[in-house]
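See structure below.
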Amino acid sequence: MLKIAVLISGGGSNLKALIDAAADPDFPAEIACVGSDTDAPGLDHARSAGIPTFVVRPRDSATREEWGAVLAAAIQEHHVGTGPDRGLVVSAGLMRILPPGFVRTFSPHLINTHPALLPEYPGAHAVRDALAAGAARTGVTVHVIDEGVDTGPVLRQAAVDVLPGETEADLHERIKQLERPLLVETVRDIALGRLALPGAA
Ligand code: GAR
């Protein structure tokens, strides 16, 4: 059983999709903990499911690297990223760039979901940026996190057509409708060994 740690900053609808999937005894991964950089409303999904949660605020650390080290230690307390079974860290709406030391601790057992077809529209405002560019199509990417911003190897993508006059909120919600099952399937396939993480031993 793959142990996963999920990191969020917001409403946590992707986290909820993972929690619902993992409630099935046949799902090959278990959510060991959920962490955030803030009092994210989505932490309630974990609390309701009896999953341990923690908040590690950047402002309580002197540097980004120190914040990353505290966050890594909080995850490892739940036996993710330690021992021969390396587990998996899933950034599902964490709105912070993970510092290099954190990435090196878990790499390549560290994935992110991003609301665009990378390498298009990296960064914190992917849906807004796609609309501003007049894109006819955008989507979602699940990728391995490296030390860049949304630059790591792509694992899975799904595309969506942009509708005329669509708002950022409406487009983001339609992207998330594809994103939630894509993330669940990606985690399942990693857990089953059907999808290899580039560089994993
Ligand atoms: C998701 O669409 C995720 O791809 C995005 O935040 C949303 C979180 O939604 N992440 C980023 O934009 C990271 N750059 P959720 O809290 O409902 O799961």
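Just so it is clear, glycine is given a Cβ too, placed from its N, Cα and C backbone atoms.
Unlike curated records, TrEMBL annotations are generated automatically.
The (6R)-10-formyltetrahydrofolate site recorded in TrEMBL comprises Arg64, Met95, Arg96, Ile97, Leu98 together with one of Asn14, Asn112, namely Asn112. Taken as a whole, the domain 'Formyl transferase N-terminal' (3-187) shows an average pLDDT of 97 in this prediction.
Considering only the binding-site residues Ser13, Asn14, the Cβ with the fewest other Cβ atoms within 10 Å is that of Ser13.
Of all the recorded positions given, namely Gly12, His114, Asp150, the one with the smallest number of surrounding CB atoms inside 10 A is Asp150.
Between Ser13 (N(1)-(5-phospho-beta-D-ribosyl)glycinamide binding site) and His114 (active site, proton donor), the C-alpha separation comes to 13 Å. A Cβ distance below 6 Å to any atom of ligand 1 is met, among the recorded positions Gly12, Ser13, Asn14, His114, Asp150, by Gly12, Ser13, Asn14, His114.
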